[in-house]
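Written out below as C-alpha cells is the structure these notes cover.
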Amino acid sequence: MPSTSRAGSLKDQDIAELFFRDDPEKLFSDLREIGHGSFGAVYFAHDASTREVVAIKKMSYSGKQSNEKWQDIVKEVKFLQRIKHPNSIEYKGCYLREHTAWLVMEYCLGSASDLLEVHKKPLQEIEIAAITHGALQGLAYLHSHNLIHRDIKAGNILLTEPGQVKLADFGSASIASPANSFVGTPYWMAPEVILAMDEGQYDGKVDVWSLGITCIELAERKPPLFNMNAMSALYHIAQNESPTLQSNEWSDFFRNFVDSCLQKIPQDRPTSDELLKNMFVLLERPETVLIDLIQRTKDAVRELDNLQYRKMKKLLFQEAHNGPAVETHEEEEEQEHGVGRTGTVNSIGSNQSIPSMSISASSQSSSVTSLPDASDDKSELDMMEGDHTVMSNSSVIHLKPEEENYPEEPEPRTRPSEPHSPPQVSRHKSHYRNREHFATIRTASLVTRQIQEHEQDSELREQMSGYKRMRRQHQKQLMALENKLKAEMDEHRLRLDKDLETQRNNFSAEMEKLVKKHQAAMEKELKSIANDEKKFQQHIQAQQKKELNNFLESQKREYKLRKEQLKEELNENQSTPKKEKQEWLSKQKENFQHFQAEEEANLLRRQRQYLDLECRRFKRRMLLNRHNSEQDLVREELNKRQTQKDLEHAMLLRQHESMQELEFRHLNTIQKMRCELIKLQHQTELTNQLEYNKRRERELRRKHVMEVRQQPKSLKSKELQIKKQFQDTCKIQTRQYKALRNHLLDTTPKNEHKAVLKRLKEEQTRKLAILAEQYDHSINEMLSTQALRLDEAQEAECQVLKMQLQQELELLNAYQSKIKMQAEAQHEREIHELEQRVSLHRGLLEQKIEEEMLALQNERTERIRSLLERQAREIEAFDSESMRLGFSNMILSNLSPEAFSHSYPGASGWSHNPTGGPGPHWGHPMAGPPQAWGHPMQGGPQPWGHPSGSVQGVSRGSTMGVRNSPQALRRTASGGQTEQGMSRSTSVTSQISNGSRMSYT
C-alpha cells in the first residue's frame, strides 16, 4: 500500500477485501478490557450469534503517524490471513469503526510468562521442552512460507485449555524474508536485528535466537540482561558473547539446545526445522505435561485470588470495628506480606517496562477502573468483591465447553446482608462461581501491577518507541536513496544503451549505403567497360579499314607504276615479239596481281589477328582494372567497418568510464548518508542514555527525599518500640519487686520489716534510675545510628547507581565505537568490491573488444583471401581461354600505355595503373606495356618494290607468324601463368600468415 494513501481508505480493492463491512458493536457483546499497550486495548467479548468467546484487539489509526499505524494494521491483517496452523493464534476477522480496527481472534488461557508470575519459580525442563516444541512447530510453519515473527518471547507464547501452544502477536512480523527492519522487544532481539541497518539483512533465524532467550526466560524467570536498561541491553547484545544457562541443574540436552539457538553468527545457527530434530524436544515426556501445568496454575491463581480476597475483607472489617490505628498496623503487616510475595518482580523497577510495548493480550497490562467510594461497609465490601472478580478474570482466557451457556450477567448481584457474621462457605461458593465462568492463569495482582507499570513507564516506553521509529525512518531513508540511485543508474544505463544502439544503427545504415554505392559503382563500371570495349573495337576496325583502303590505293598506284615500268621495259626491248611481249606482260600482271592479292590477304589476316589480340588485351586489362576497383571498394568497405568498430569501442570505453564514475559517486552518496544516519542515531542514543541517567538519578533523589521525610515517623516508631520495651521491663521489675518484698516479709521478723522495705525501695529506685539512663542512651544511640545508617545507605545507593550508569555509558560508547569501526570496514569492503567489480567489468570489456577486433581481422583476412582467390580464378580462367585461342599471356601484357593512349584517345583514363600490377599492398601482377596500335607491326610487309623486298617481307612476316603462332603463345602463356600464380599465391599466403591488419591508405 502506498504511503501516500489516507489512513483508513478502502479505495484500493485489495485493501478493502481485508476488512468486513459489518458493525462490530452489533456483532459482539459484553466487551471487557483485559489488557492494553502502545497499540491500543484488548477485550474479551461474546459473539452475539454463537455466544463464542473471542478476543478483540482494538487498534486506533487516528492522531499522530496515522498512516504508519494504518500500514501496520494492514500488514498484521495480511499476515494473519496468510497463516493457518494449530500452533498459531486463530484469526476470525477484522472490522473498522470510527478510526479503530477491531481485530478478532480466539481466546487463550494466558501466556508462558503468566506461568512464571503465578508460580514465582522457573518451569521444569519437561515443561519448557513441551512449550518449546509447540513454538518450534509454529515457527517452522512460518519460516517455510518465508515469514518471520520477530517478537518471540514467553509473553507471546499462549496456552489453551487442552494444552495447545500457540504463537501470538504478529504486529512485528515480516511478510518477506530476508528483512532488515529494527523491530521486536530489546531483551529478546537477535544481534543481526539490532545491527540490521548497519550490516544488512536477516532471515527467520532471528526467531531461533529469540526462542533461545525465551528458554532462558522460562528457566530463570527473566531473560538475560533484564536488570539492565533496555537501550544498554541492546548495546550489550550487539557486541558481547551469547548468554548461557546459569544453573548447573539443567541437562546437557537443554544446554546444547540453548547454545545452538544462541549462536552469534546466523550462519552457524540451526533453522527451526533442524531444531525440531533436536534431542531436547524429542525426548519422551508425558502427554499431559502442559495440561497438568495449566491445571496447577489455575488452582494457584484461584488460591492467590482467594487470599487477596480474604485480606481485603479482613481489612474492611477491621477498619469498621477497630478504627484507623489498627488499619495502619494491618497495612504494615500486609505490605510485609506483599513484599514477600511480589518483591521479585517489583525489584526490577522501571527497567521492566520495555517488554510490555509489543507483547500479546495475554501478557499485556489490563485496565481496571478504581473502586468507587462506598457509603457503608457492606456496599464497599460488595463492590470490592464484585470488582475483584473482574480483575481476577482480566486476561486472555478460553471458555470451558461445559460453561458456554452461562447467564448474561456473570457477576453476583446479591451479597450477605450482615457483614458481621457472613456464611463463609456460601461466600466462597459465590466467589468460585464467578471465577469458573472464565478459566485463566493470571492473577488479579498481576493485572493490577501491569496497569501500574504501564502507567509509570510511559516515558521510557515512549523513548524506546521513538528510537525504533527513528531506526525505521533511517531505514526508509536509506532504502529511498538506494531506490532513487538505482533508478538513476537504470536511466543512465538505458540512455547509454540507447546511444550505443543509435550509433550501431547509424553505422549499419552507413555501411548499407556504402555497399549500395559500391554495387552501383560496379554496375556503372561494367557498363562503362562494355561501352569502352565496343568503342575500342570500332576504333580499331575503323583504323584497319582506313589502313586497308590506303593499302589498296597504294597497290593501285603501285600497280599502275609497275605496269608503266613494264611497258617501258617492253618498249625498250624491240627484239621481242609482240605476242611474246603480251604474254610476258600478262604474266607479269598476273604475278603482280597475285602478289598484291597475297599482300592484301596477309594484311587482312594480320588485321584480324591484331584485332583479336588487342581485344583480348583490352579485355584482360579491363578485367584487371575491374579487379583493382573491386579491391579498392573492398578496401574502402573494410576500412569503414574498421573505423566504425573503433568508434564503437571508444564509445564502449567512454560508457564504461561514465558508469564507473556514476557507481563510485552513488556509493559515496550512500556511504555518506549512512554515516550521517549513524551519527544521528548515535546522538539519539547518547541523548536517550543521558536522559535515562538523569531520570534514574532524579528517581533516586526522590526516593531519598521520601526516606528523609519518613525518617521522623520511622524514628518515632522506633522510639515507641524502645519505650514499650522499657515499659515492659519496668513492669517486670515491679512484679519482681513485689514478689521479692512478699518473700522477704514472710521470712523476716516484723520488727525488721520497715528496714527491709526501705532497703528494697532504695534498690528499686536505683535500678529504675539505671534503666532510665539506659533508655535515654538507647534512644540517643538509635537516633544517631539511624541517621548515620540512612546517610550511608543513601550514599551507597548513589555510588552504586553512578557506577551502573557509568558502566552503561561506557557500554554505549564501546557499542558506538564498534558500530563506527564496522561501518568503516563495511565502506572499505564496499569500495574494494566495487573496484574489483569495475576492474572485472573493464577486463571483460577489453576482452570483448579484443575478440571483436580479432573477429574483424579474421573477417577482413577472409574477405581479402576470398576476393583474391576469386580474382585469381577469373584471371586463370581468362588466361586459359586466351591460351586456347592461341594468345600468349606475355603478348597480351605487352602493350605500352603511350601506344594505347595514342591509338585510342579515350583510353587514357585506363592507363592510371600502367603496369597493371597490384596496389600499394595487394593486386594482380601484370606484364609489360602493350604494343602501340595503328603503327606498322614488326615483321610486316615493306612498301611495294622489288620482288626481293617482297621475299624479305614475306620471310619477316613468316617470322612474325612463327613468333605469334599458337605454340609460341602457349609456351609463353604457360610460363607467365606459372610465374603469376606463384606471385599471387605467395602474396595471399604471406598476408594471411602474418595475421596483421593491412592498411589501405
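From the backbone N, Cα and C atoms, a Cβ is placed for every residue, glycine too.
Here Swiss-Prot gives region 'Disordered' for one range in the set 567-586, 747-766: that range is 567-586. Shown for the compositional bias 'Basic and acidic residues' (577-586): DSSP residue counts in helix, strand and coil, namely 9 helix, 0 strand, 1 coil. Using a 10 Å radius centred on the Cβ of VAL42 (ATP binding site) and all shown protein chains, the other Cβ atoms total 28. For the pair ASP151 (active site, proton acceptor) and GLY40 (ATP binding site), the C-alpha distance works out to 18 angstrom.
Within the group of recorded positions (ILE34, GLY40, ASP151), the Cβ with the highest number of other Cβ atoms inside 10 Å belongs to ILE34.
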